[in-house]
Amino acid sequence: MTTSSIRRQMKNIVNNYSEAEIKVREATSNDPWGPSSSLMTEIADLTYNVVAFSEIMSMVWKRLNDHGKNWRHVYKALTLLDYLIKTGSERVAQQCRENIFAIQTLKDFQYIDRDGKDQGINVREKSKQLVALLKDEERLKAERAQALKTKERMAQVATGMGSNQITFGRGSSQPNLSTSHSEQEYGKAGGSPASYHGSPEASLCPQHRTGAPLGQSEELQPLSQRHPFLPHLGLASRPNGDWSQPCLTCDRAARATSPRVSSELEQARPQTSGEEELQLQLALAMSREVAEQEERLRRGDDLRLQMALEESRRDTVKIPKKKEHGSLPQQTTLLDLMDALPSSGPAAQKAEPWGPSASTNQTNPWGGPAAPASTSDPWPSFGTKPAASIDPWGVPTGATVQSVPKNSDPWAASQQPASSAGKRASDAWGAVSTTKPVSVSGSFELFSNLNGTIKDDFSEFDNLRTSKKTAESVTSLPSQNNGTTSPDPFESQPLTVASSKPSSARKTPESFLGPNAALVNLDSLVTRPAPPAQSLNPFLAPGAPATSAPVNPFQVNQPQPLTLNQLRGSPVLGTSTSFGPGPGVESMAVASMTSAAPQPALGATGSSLTPLGPAMMNMVGSVGIPPSAAQATGTTNPFLL
């Protein structure tokens, strides 16, 4: 043991260094030889331990900071760091990249020994190589893969030798075979490989007994590891003991340039570097083929997924187009159906919806629903046939559908309620009966066709006839009613003309009322038009009561009869010159008061004047004779004789 080794061990004990630190100190010592590979392998294995990794790296950085005569510490630390980067944990390379400036500063390391030799050049070159390796990522990966493969082989060598009780010499990574050591060295190490088959002299060939080297490689292993079924150089392999030919070990060593660690599975291992390269290329090709197959499968899946997405997208685009194309035939079909509907003739194409000669099948311009067809006014007038049919059960339009007759006073329709005010006070149908006949018989109603009813085949001709007979019916009705006391509305000439036509589809009041027709006085529902002299307030509501007192329509032109006091005080009777002289009213009053006999006669005379009053008034109203003269000629007053 050298002095430096003793001093190092003393420092380890005093400073209480750990096992990892002790190994790093030994690998980076100041001895004139380099660090052993076995020691560096142990340190590399310790880098996978977190605690040991920190201890190893701290000691390595401490060694890199030395200078001067301790240049070997720096150089060996760089060598150890290079080995740890390639075979140790990946954290070593990561930490070296983080502290790469500490390695770059070593490119300027200077030291010249006593002999004038520049020893710092070794440190400078090693630091440059290490910095270049750390900066080149691809090169670092390749170097690391190669170093890990070599380390695995070294581990297999140690395992194979340990199974055959073969140990390495202290301080050397080479096996203690006879190629480099004497037989005494095997005894110190624990025996020779051939100790299990007899003496080494009998098991080895003469060439081996002389200590000739088996090969040039340091990794040469015994043949028993490669061929376990054949005893290594035993007598069984040489039954006759003929050693003239070289043994199998010598022949194998002569042909093999790079022997491998052997076992039962070593039969498949390559024997040469060419076979190794061939197997490596074959493995790479197989791996590439598997990767390409996986890539093809993945691309096929992606392609099928893309095709499915495109198909789904096309389907979603086609569906709205089909809907749009499908809606066009429906619209054209509806248009064809509308065109195929029968038209109502030339009258249906008129632009004016309010024309008097409306078509038979005219539609409602307001879009309202059509009412039941073939319905008529249940209260027809005695003038003409209705020009349009009206629904009696529809919306009550008595206040709004009071149209004005053609060629007449616009306020004539509102004058009729005043002429029959007495009858409307007790008749609930008065408002309808006084307005509808005039509106229907002698005028065109603006909204008569809005109820949706359908006319008969002769309605167009009826409109033409009613327009001609409107003036005659309006002018003839007052003259007929004034000439007769009780005219029959159903025996008038216009009604006879209208009844001569086929009206099987029309309804009559009797058919509308049915068996209850006898309960309704139809004469009271038809009234005579009011004389034009009378007028009403045009702003009065149609349903409001009349302002004038109820008047008997049959006694409109009859004045009130004169009483006895009026007859006595009237100067007309006394001053009449048409019928001769006679006593005055005063003489008649005196005679009636003084004589008792003439009182019954006067009473009879007075009673006879009362019933004659209406006839005389009627005669006055029709002929125009003054009432005073009519009374003088129509009575036999004894006082006037």
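Note: Cβ is positioned from N, Cα and C throughout, glycine not excepted.
Per Swiss-Prot, the residue annotated phosphoserine among Ser173, Ser182, Ser503 is Ser173. In the predicted structure, the domain 'UIM 2' (300-319) carries a mean pLDDT of 87. In this structure, Thr508 (phosphothreonine) belongs to neither helix nor strand by DSSP; it is coil.
Around the Cβ of Thr508 (phosphothreonine), 14 further Cβ atoms fall within 10 Å across all displayed protein chains.
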